[in-house]
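K.L.:
Below, the features straight out of TrEMBL:
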ACT_SITE  Glu104  active site, proton donor
ACT_SITE  Asp250  active site
ACT_SITE  Glu344  active site, proton donor
ACT_SITE  Glu362  active site
COMPBIAS  706-727  compositional bias 'Polar residues'
COMPBIAS  748-758  compositional bias 'Low complexity'
REGION    691-760  region 'Disordered'
Amino acid sequence: MGSPLTSISLSEAMNRDEKNKLRYGSDHAYPADELMPLTCRGRVRGLEPSRGDIDDALGKFSLTLIDTLDTLALLNKTVEFEEAVRRVVADVRLDNDIVVSVFETNIRVLGGLLGGHSMAVMLKESGRMVWYQDELLHMAKDLGLRLLPAFNTSSGLPYPRVNLRYGVRGPETRTGTETDTCTACAGTIILEFAALSRFTGDPTFEAHARRALDFLWEKRQRNSNLVGTTINIHSGEWVSRDSGVGAGIDSYYEYLMKAYILLGDDRFLQRFNTHYASIMKYISQPPLLLDVHIHKPLLPARTWMDSLLAFFPGLQVLKGDIRPAIETHEMLYQVTKKHNFLPEAFTTDFRVHWAQHPLRPEFAESTYFLYKATRDPYYLEVGRTILENLNRFARVPCGFAAMKDVRTGSHEDRMDSFFLAEMFKYLFLLFAEEDDLPFNQFLLFVYFKCIKYFMANNPEHLELLRRMGVSLIHLKDGRVQLVQHATQAVSAIAAEDGMRFMQEMMELSSQQQKEQLPPRAVQIVSHPYFGRVVLTAGPAQFGLDLSKSSSGVRGFVTVAEPYNGCSELSNGEIVAGRIALLQRGQCMFAEKARHIHKAGAIGGIVIDDNEGSSSDTAPLFQMAGDGRNTDDVTLPLLFLFHKEGNILLEALKEYREVEVLLSDKARDRGETLSKTERRCEYEKILICEEGEEKDHTSPASLEPVDQSQLTTQEQTTDDSVLGQESVQPAEGLGSYVSVDVGEEPAVDGDSSSQSVDSLMADWQEDLAAFKQMEKDEL
């Protein structure tokens, strides 16, 4: 991150005049779809040499002008905006006999018309553009109807292309023979189609977009919860089984999250969260994001990344997962500093894989989101770098030219509409002062963790929220999300109350984040771990404060009965003197603590019941009290997410007697071993029972595993082996070592034969996957 001196000097340097330089561009190409900035003329499809699929975005409908309508309004260029709307209404035709991309036409043209309509309505309400009679909306509906024939498939997935005049059926369409489409192409429709349905009152558009999303969701790989890159629109079979967050899939994930924000439908958020957990488990290799195979998600599909994944840190900010967003964004910034722009594709060591750069906006988008989330001036510095590189290397007399090769600095006679429609927009928003923005934000949402401030299960409280247009969702990682839709409030006054409520909740949430207790540690100290495995734990806001205990609390663990700990324990005599394991849910944390305290437990560990949750991807969880005095709870209570809790449960299943140390930070291994244990570990002998010695001579089960020295097959043979879980400690836990504690080698012939058969079967499966990889790459 930037130093304080860098931040201060940058802030001082960013004066209003300099920021104004970011906002303005000119159009030398009207009424053509795009500007050709090197030859200073418009690009008209059919008059210029074909560029293949890239030209499918061009429909002889003044693409760039329509795509940038809302940008003009955002820049407060109301005179220019009004003139642009008049031009679109008077000159643009949508019934051209031309084959266009359904995906590109939807996001750029339909989206541009709807965005322009929204801005025109707001200006009309403020007393300007009083002549406007929803002309852009009528054009949007006309275009939506021209796109609908593409959805006439048995699956509901759209054809990738459509003829604006003739649809997809018949020889005159010159399309409709395709069988495949990309996941993003089929899954990036819902925002525009749902908005069109809501504006016009015609549910047809939204219904088709929802059907396509439902089909993609059903076709996800059920074990990995990932989707492939390319799918057959008729059979639903995956054509390309690679899965990542870049080209071919990117905006599918983006639209799931934003559809939830726009429409308030919980299903979209639930689907996004399911996919996101798998992305962070398989694709995310911080700070890298590498494609995998959906059926074998531990198999890497390639060793390079494409520039479209640069949107992902911004999406992580929307989700509230800031730390990995910062890490990946910083990686992308280093690539940018090395090559001046993000190459279309680059390797894990930041070398160029594909050298082009068509002035894509995704990195600027993520920079904007991170600045808004953190207010760190460092991201203004990043934006300044983007701006300076554009002016130094891409600016030409008639506009900004795409880079043909970032290594040589050569140009391409190309300026896509998204440069003015998105890149300019994000840079303007990044540097804009509050009084530069003509419109207020209409949608607020916040990740809210202060459950103690109101009871989320109280029907009266929920009804009050509903009346203010506020909905509430429990997330799998333990947080509660509040979303306000002002239009869903019972009255304008209630909507204003909702806005104030959201502001107060954000302040409370911000205050609580400042007051958060540091993480705690659950360290497994018994054989064969001997302190090597440390699990990141969340603290409780009541009970024994482990930061004030020099030795922590050490004891053997046992599962409470009932497991939820919500009633008096039936195995109290076993729990006495031990640390109780409890499942989250069905009652308050303080109630669980009181029940195990009454049974004589010396501590408690609550394990999350949400499968897949992990301290790797979720923020630290603190357990709140129940609103009553909790001075009667004197034992320590810690919280483990599902992944970390499962490590502890598996250890208990395998070794029966598992001893742990609950503390404020991991202890040095020497501090956790008794004198006998130190001798036994040295000799690889453990005294199991009085007068009996058991030999454990498998050093691999006691030594750390260097994952970088394993082959691909070794890394992916069995992802269920406990030792392959990577437990990341939270900040402040100090160093740790992970250890392979998988089963020891079999000694009898049958077991050995069975193991060989299993390995051979798995090897055959891997071989088939590698062959598929080669086919996909070709």
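Any Cβ shown, glycine's included, is placed from N, Cα and C.
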K.L.:
Could you check which of the active-site residues Glu104, Asp250, Glu362 is the closest Cα neighbour of Glu344 (active site, proton donor)?
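P.N.:
Result for Glu344 (active site, proton donor): the nearest of the active-site residues is Glu362.
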K.L.:
Please work out the number of neighbouring Cβ atoms within 10 Å of the Cβ of Glu104 (active site, proton donor), leaving out its own Cβ.
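P.N.:
24, counting other Cβ atoms within 10 Å of Glu104 (active site, proton donor).
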K.L.:
State which of the following active-site residues has the fewest other Cβ atoms within 10 Å around its Cβ: Glu344, Glu362.
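P.N.:
Sparsest of the active-site residues Glu344, Glu362 by Cβ contacts within 10 Å: Glu344.
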K.L.:
How far is it from Asp250 (active site) to Glu362 (active site), counting Cα to Cα, in Å?
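P.N.:
The separation of the Cα atoms works out to 11 Å.
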K.L.:
Roughly how many Å separate the Cα of Glu104 (active site, proton donor) from that of Glu362 (active site), to the nearest whole number?
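P.N.:
Cα to Cα, Glu104 (active site, proton donor) and Glu362 (active site) are separated by 16 Å.
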K.L.:
For Asp250 (active site), just count the other CB atoms lying within 10 A of its CB, please.
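P.N.:
Result for Asp250 (active site): 24 other Cβ atoms within 10 Å.
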